[in-house]
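Feature annotation from TrEMBL assigns domain 'Chromo' to 43-101. If you look up TrEMBL, you'll see 185-243 marked as domain 'Pre-SET'. The Zn(2+) 2 binding site annotation in TrEMBL covers 187, 198, 225, 229. Per TrEMBL, the feature Zn(2+) 1 binding site maps to 187, 189, 192, 197. What TrEMBL records for 192, 225, 231, 235 is Zn(2+) 3 binding site. According to TrEMBL, the feature domain 'SET' maps to 246-369. What TrEMBL records for 257, 258, 259, 326, 327, 368, 396 is S-adenosyl-L-methionine binding site. If you look up TrEMBL, you'll see 329, 395, 397, 402 marked as Zn(2+) 4 binding site. According to TrEMBL, the feature domain 'Post-SET' maps to 391-407.
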């Protein structure tokens, strides 16, 4: 009898250090992940777990990188050549103790002989979170297709990276949905915009001025030059397709709104900031998912209603930085419909442009009820679509003109 053997290959979700820990724990060698006879006894501090003083000497409990926790050892401070890790340890300790004193500054006394278990436990959790967020930042920057960096920051709580979120750069269509309509022609302009340029062919004006800033009013579509156009990558009508041009930071908000996004660079008025992407599904599927999301308190459904209401973008599991942008009743971003390599009016790309000058360090927001029929919430269930008539959700945007509710 012949047997058919099917091999399934799935990406490994474990970090390199975790795999190294498993090898060392089982005394196995694996050259591909760096566990060889020569490196089997290599030691590097991953983080510090605890502190004590014995006979006048300060000791730190060390978690060694690539070694299981059972291999942790107490080391005198003079043996530690990791100033940043030591600084993080002391900072985390003081932060925890200060919080226990209701936010009052606290100086640690020199005669403390050992840390309380609760303090040590917090320091270890904070160290593990710092490592997890660093790995997540590296993953996001590996997957992005634009030049600007993505940073991650949490100075609020012990929340780590979202467990069920996958970064994508463009729409992920559900089976049967075609987000590329097979466009085969483009403009012949040697220097866009010309008489026969893409926007004019579609019956609209060019969306950008000479400074590559938006010059059209909300509600009007943007037609950019496509992959078949004669013009090159420096064409002034190629803006959204180049991706986010600003360094952005996904950060943990301190008022219960979950994650948010802030810019680390100044953004001028009417500038392209980011594109909203996710799974493209039918409106019927969106209704079904919406009911499930209601039970979880989360949903990221954005109706593509420029021409009809046949399709919806769901960024709950698949998305980019825009997945983390919070709502505001006084937003600094505005939604625009964009057409590039797909001219199907039912399937526009969604771009977010600045409505005013945005300072470096300022949070980015948009109105979930603006044109586009957004149906979005942050991790803390910030917003719900008015079209679904669900339980009213209190808005936490803090704007002077806040409507009080998101739906």
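Yeah, the Cβs are placed from backbone N, Cα and C, and that goes for glycine too.
When the CA atoms are compared, the binding-site residues lying within 10 A of residue 402 (Zn(2+) 4 binding site) are 396, out of the candidates 187, 189, 197, 225, 396. Residue 189 (Zn(2+) 1 binding site) sits 10 Å from residue 225 (Zn(2+) 2 binding site), counting Cα to Cα. Put simply, 368 is the one of the binding-site residues 192, 231, 368 whose Cα lies nearest to the Cα of residue 329 (Zn(2+) 4 binding site). Here residue 327 (S-adenosyl-L-methionine binding site) is positioned 7 angstrom away from residue 397 (Zn(2+) 4 binding site), judged by their C-alpha atoms.
On the backbone, the CA of residue 235 (Zn(2+) 3 binding site) and the CA of residue 192 (Zn(2+) 1 binding site) stand 6 Å apart. Among the binding-site residues listed (187, 198, 225, 231), 225 has its Cα nearest to the Cα of residue 257 (S-adenosyl-L-methionine binding site). Distance between Cα atoms for residue 187 (Zn(2+) 2 binding site) and residue 396 (S-adenosyl-L-methionine binding site): 46 Å, as a whole number.
Across the residues annotated as binding S-adenosyl-L-methionine (257, 258, 259, 326, 327, 368, 396), the two Cα atoms farthest apart lie 16 Å from each other. For residue 197 (Zn(2+) 1 binding site), the spatially nearest entry among the binding-site residues 259, 326, 327, 368, 395 is 368, judged by CA separation.
Excluding 187, 198, 225, 229, which define the Zn(2+) 2 site, the same chain contributes 186, 189, 192, 197, 224, 226, 228, 230, 231, 235, 237 within 8 Å (Cβ to the Cβ centroid), listed in sequence order. For the domain 'Pre-SET' (185-243), the DSSP-based tally of helix, strand and coil residues reads 7 helix, 4 strand, 48 coil. When Cα-Cα distances from residue 396 (S-adenosyl-L-methionine binding site) are compared across the binding-site residues 192, 198, 225, 231, the shortest belongs to 225.
Residue 258 (S-adenosyl-L-methionine binding site) is 13 Å away from residue 395 (Zn(2+) 4 binding site) when you measure Cα to Cα. Shown for the domain 'Chromo' (43-101): DSSP residue counts in helix, strand and coil, namely 24 helix, 22 strand, 13 coil.
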